[in-house]
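Undergrad: There's a structure below that I have some questions on.
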Amino acid sequence: MDVHLQRNLNWATMAVHGFVDWKGNPINKKQHGGVRAACFIYFLVVMLNMAYVPNMLTLVTYLHGTMHTGVASSSTIVTNFIGATCAFALLGAFLSDSYISRLTTIFIFGPFELLGFGLLALQAHFPSLHPPTCDPDAQSSNCRSVHGFNSILLYIALYTIALGEGCIRASLASLGADQFDTDDPIESRQWSSFFNWFTFGISSGAFSGLILIVWLEDNKGWDIGFAVGALLVLLGLLVLAFGFPYYRNQRPQGSPLTRVLQVFVVAFKNRKLTFPETLEDVKQEDTSQEEVIPQTKDFKFLEKSSIYQGKAGGWSYCSINQVEETKIILRMIPVLISSIVAYITTPLLLTFSVQQGGTMNTRIGKIHIAPASLMLIPVTFQMIILVVYDQFFVPFARKITGYTSGITSLQRIGIGFLFMPISTCVAALVEMKRKHYAEEHGEPMSVFWLSMQFFILGINDVTNFVGLLEFFNGEVSRGMKSIGTAIFWCAIGLPSLLGSVLVNVVNKISRNGDREGTGWLEGKTLNESQLDKFYWLMSVIGVIAFFNYLVWARKYVYRHNPRISVS
């Protein structure tokens, strides 16, 4: 009898939290969710990143070599493509939190990514859909850049991929996190571990893609590589569909952006009102709500939106829960901004490290490593460190600190930001050594001199990448989980755009006012540039950004107690 009673309580608990199965029925914790459901999600993560990551890294080569776009134009197209992916993540987050479930969002927009890779494969396969073959570097005057209908087709394909990838990104991590109940002592540990293995899935997918897809595109053709990418996306979606009976699905709770805007509007309308001495003028909370957020004391001016004046409607009064949901977003903004600033050096170091590797000896015996495949080095380090972190460090740290994740998410992010200036200092020393070696010996030194900075990049991804994902997903309310994940992807994507701005500013300043002069990073080759000086500058920026982050992280108060819950 006790077993049946407990099972019914589990049903009731998860129903109140807003979780249902794919048919809309209350879920059973023993049958739905957990590690089993997460495994289907992990598989899709691997497949998507096998297709997306290598093609994103080789896209500049494809645009310049096959579509004959200029070097600057190719870089701009790729940057805009990455930015569009982040923008579409916000769209997917809004839809999945507001009107359709996260799972439905994935299956609606997943086929768009499949279609985009298919269009790229068709364009690369048929000669009539791309410019004639030529060498854009040796015969630049004779090479015609892609134009007209073919140019339109190229952009449709790229932004169709961005639409699908962005909307899936916003929903996938949140769907996975939904499979674990953070109020359950056991599942709260699994929830924290999920983000480690989610990132491991990204890394393993990127690792496999950098071997398979890059080899196919180098040896069999771009059309084959794009086609295999489409098939990988299709396979991932099919496997995800097999998990339909096992998922816990969060019911959409209406537009979170509208709820937040209502709080500001009503608070402004009620700005001249005084807070009531009794609860009579405050709209009482509906105890049937899927999540009741404890009331806090900061941002008191927003609480005027909860003064009830007898008028119905969201634009006349807001619930206390709605006010607290808005406060959560405001508290996260300083952490978000300081994280974006601190993360700027990461994509720059990654990009320039690959360029450094391209000028070095990349042979292992008789095997030649393609420049794009140099990313295998930091990805390999990342996968190894992730396993060690999750299986050994977290259990050990948990016994000492009492935190479910071993250390808090903000501490984890901070460790990553601490290592960033260290990695750029190492990179500066290696770059000085590389140039000196080339001048002294007349030949490039081994690419394995980059191992240390790649190793530190691996630590960086294991700490601040996973920490940011866990923080933004864990701190927002249940009705804004996809928005939280989208904010995370923006925090990762925006530094790439800001990094491009930083490079342009540094080049302009380092010309010493001479328009025809050469900036630090404007040399015809890397040997003629002054990348080591730029690395030292990045080290200074990294130190300042770390202490700035530290200030805001120390002020932040977690919504949930990060320590281990006791049953």
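Using N, Cα and C of the backbone, Cβ positions are placed for all residues, glycine too.
What you are looking at is a predicted structure, and each value in this text was computed from that prediction instead of being measured.
According to TrEMBL, the feature transmembrane segment maps to 33-52, 72-94, 106-126, 146-164, 194-216, 222-247, 328-349, 369-389, 410-430, 450-471, 483-506, 534-553.
Help me picture these features in the structure, burial and contacts included.
TA: Outside the transmembrane segment (72-94) by six or more residues, the chain places 56, 59-60, 63-64, 105, 109, 145, 158-159, 161-163, 165-171, 255-257, 482-483, 485-486, 489-490, 493-494, 496-497, 500 with a CB less than 8 A from a CB of the stretch.
For the transmembrane segment (106-126), the residues of the chain that approach it from at least six positions outside its boundaries are 44, 48, 51-52, 55, 62, 66, 92, 100, 150, 153-154, 156-165, 167-168, 171-172, 175, 221-224, 226-227, 229-230, 233-234, 236-237, 240-241, judged by C-beta separation under 8 angstroms.
Sequence-distant contacts of the transmembrane segment (146-164) (same chain, six or more residues past either end, CB-CB distance under 8 Å): 52, 67-69, 77, 81, 84-85, 88, 109-117, 119-120, 123, 129-131, 233.
Remote same-chain residues near the transmembrane segment (369-389) are listed as 54, 57-58, 61, 196-197, 199-200, 203-204, 206-207, 210-211, 214, 218, 350, 353-354, 357-358, 362-363, 447, 450-451, 454-455, 457-459, 461-462, 466 (criterion: CB distance under 8 Å, separation of at least six residues from the stretch ends).
Here the transmembrane segment (410-430) has Cβ contacts under 8 Å with residues 335, 339, 342-343, 345-346, 349, 352-353, 356, 449-450, 452-453, 456-457, 459-468, 470-471, 532-533, 535-536, 538-540, 542-543, 545-546, 549-550, 553, 556 of the same chain, all six or more residues outside its ends.
Long-range contacts of the transmembrane segment (450-471) within its own chain (CB-CB distance under 8 A, at least 6 residues past either end) are made by residues 173, 192, 195-196, 198-199, 203, 335, 339, 342-343, 346, 349-350, 353, 356-357, 360, 374, 377-382, 384-386, 389, 405, 409-417, 419-420, 422-423, 426-427, 430, 485, 488, 491-492.
When Cβ-Cβ distances below 8 Å are used as the criterion, the transmembrane segment (483-506) is approached by residues 79, 82-83, 85-86, 89-90, 92-94, 97, 166, 169-174, 256-257, 332, 336, 339-341, 343-348, 351, 465, 468-469, 471-476, 519-521, 534, 537 of the same chain, each at least six residues removed from its ends.
Long-range contacts of the transmembrane segment (534-553) within the same chain: residues 334-335, 338-339, 341-342, 344-345, 348-349, 352, 410-411, 413-414, 417-418, 420-421, 424-425, 427-428, 431, 503, 506, 520-521, each at least 6 residues beyond the stretch ends and with a Cβ under 8 Å from a Cβ of the stretch.
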Undergrad: Go through the chain and flag residues at least 6 beyond the ends of the transmembrane segment (33-52) whose CB is under 8 A from any CB in it; none is fine as an answer.
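TA: Hits for the transmembrane segment (33-52): 19, 27, 106, 113, 117, 161, 165, 168, 172, 175-176, 178-181, 187, 190, 194, 197-198, 201-206, 208-209, 212-213, 228-230, 232-233, 235-237, 239-240, 242-243, 246-248.
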Undergrad: Would you mind listing the long-range same-chain contacts of the transmembrane segment (328-349), meaning Cβ under 8 Å and 6+ residues beyond its ends?
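TA: Result: 260, 293, 298-299, 410, 413, 417, 420-421, 423-424, 427, 453, 457, 460, 464, 468, 471-472, 475-477, 480, 487, 491-492, 494-496, 498-499, 502-503, 535, 538, 541-542, 545-546, 548-549, 551-553, 555-557, 559.
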